[in-house]
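Following: one structure in structure tokens, then a few remarks.
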Amino acid sequence: MIKINEHFLKLQSSYLFSEIAKRVNAHQATHPDQSIIKLGIGDATQPLCPACLDAFHKAVDEMGTASSFRGYGPEQGYAFLREAVAANDYQARGADIQPDEVFISDGAKCDTGNFQELFATDIRVAIPDPVYPVYLDTNVMAGRTGAFENGRYGNIVYMECTAQNSFLPAIPKEPADLVYLCFPNNPTGAVATKEYLQAWVDWALDAKALILFDAAYEAFIRDPSIPKTIYEIPGARKVAVEFRSFSKTAGFTGTRCAFSVVPKECMAYDTSGKAHALHALWNRRHCTKFNGVSYPVQRAAEAVYSPEGKAQAKEMIRTYMANADRITAAMAGMGFSYVGGDHSPYIWVDTKTDSWAFFDTLLTKAGVVCTPGGGFGKCGAQYIRLSAFNSYANVDAAMKRMAEVFGKA
């Protein structure tokens, strides 16, 4: 008799964004004439940068002739892209990251979800609340949690992020082996200072713990004093793995390209206490389960680092941040408290009511889709996340609709 992994049964019935889509589709079926403006899921809406598109076309043409055709590529990524990532995203900021420490993949979601496979099932995991659901759900699937009761799983260290601590998770007082951090944060939009991250690195060094650092939204940081990578922090190479994506920085949500950075001195330990390099373990896992990102996509990603690509990507970010500015101004005008939107495409809005109820009200009365904060954890129960990923015209229209429903302060 074939048996299932019963840990899957502990998962909540529906992935957050699937539930949102279900409710939106049901509403549209009964209100076909109402236009819907989606400020929910963080999907890019601007087209690929022209520099990326040109490189993409050229690489596709190369695949059409025998002399330049490419078959299977290196699982870890082509050297040209790994070198561009290391030089531009890390070495240019004084971070000592080498090309062979960069692993190209098809998404940060996949990497953040898969990296936990390297660790024992009896480790203690610390996760922020609210949190991007993938961090938690993949550890549930792996069997690291207890049952789901009163809105939380057993055996997880929940780090509450509230207005009282500026939505910055505090170092846990109880033991933890694996910690997930995301800055600029999804969903709250909060950012971390160098001093704050240094405290985390120092803690991890002392505890022999590991930080999984999601920096997918670093391109939205507008203050040069805010770190864009955890490797700007002394000691981080020993205790942190970083994940990034081209999805939001260059519009690759439908094209799929990202990368993880695993420094060679970053260690984890066996039951005898012997240290093992995570770089070697991740390389083994990566080569076993992944066949690499396609050559044309990697050439398109490489073009992000060209002078033209950098300028075009910055303009794309500027467009989204203009949307964020419009949203934050509207929230202030309507009297809502919020965080984010200054260095992030996400705005975390305090609704003072149940987030799913607010979602339904916003959808039915204004035709605007948000993301209910309750889907990110108990601490998000009265918040919604608004996304700046749309056209300015749509964002402006959505804010006007919201003002009609909720009024102006």
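From the backbone N, Cα and C atoms, a Cβ is placed for every residue, glycine too.
For Tyr15, Gly42, Lys109, Tyr132, Asn186, Asn291, Arg385, the entry in Swiss-Prot reads substrate binding site. Sequence annotations record features per position, and here Swiss-Prot assigns pyridoxal 5'-phosphate binding site to Tyr72, Ala108, Lys109, Tyr132, Asn186, Tyr217, Ser245, Phe246, Ser247, Arg256, Asn291. Summarising the annotation, Swiss-Prot assigns N6-(pyridoxal phosphate)lysine to Lys248.
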Q: Write down the Cα-Cα distance for Tyr72 (pyridoxal 5'-phosphate binding site) and Tyr15 (substrate binding site), rounded and given in Å.
A: 33
Q: Could you say which of the binding-site residues Asn186, Ser245, Ser247, Asn291 has its Cβ with the most other Cβ atoms inside 10 Å?
A: Ser245
**Q.** Taking residues Tyr72, Ala108, Lys109, Tyr132, Asn186, Tyr217, Ser245, Phe246, Ser247, Arg256, Asn291, which bind pyridoxal 5'-phosphate in the record, the widest Cα spacing (Å, whole number)
**A.** 34
Q. If we check Cα distances from Tyr72 (pyridoxal 5'-phosphate binding site), which of the recorded positions Lys109, Tyr132, Lys248, Arg385 wins as closest?
A. Lys109
Q. Just going by other Cβ atoms within 10 Å, which of the binding-site residues Tyr15, Tyr132 has the emptiest spot?
A. Tyr15
Q) Looking only at Gly42, Tyr72, Lys109, Lys248, Arg385, the recorded positions on record, which one has the least crowded Cβ, with the fewest other Cβ atoms within 10 Å? A) Tyr72
**Q.** Residue pair Asn291 (substrate binding site), Ser247 (pyridoxal 5'-phosphate binding site) - Cα distance, angstrom, rounded
**A.** 20
Q: Translate the DSSP assignment of the residue listed as 'N6-(pyridoxal phosphate)lysine' into the three-state scheme.
A: helix
Q | Where the record names Tyr15, Gly42, Lys109, Tyr132, Asn186, Asn291, Arg385 as binding substrate, the maximum Cα to Cα distance in Å | A | 35
Q: Sequence order is fine: just name those binding-site residues in Gly42, Lys109, Tyr132, Asn186, Arg385 with a Cα within 10 angstroms of Ser245 (pyridoxal 5'-phosphate binding site).
A: Lys109
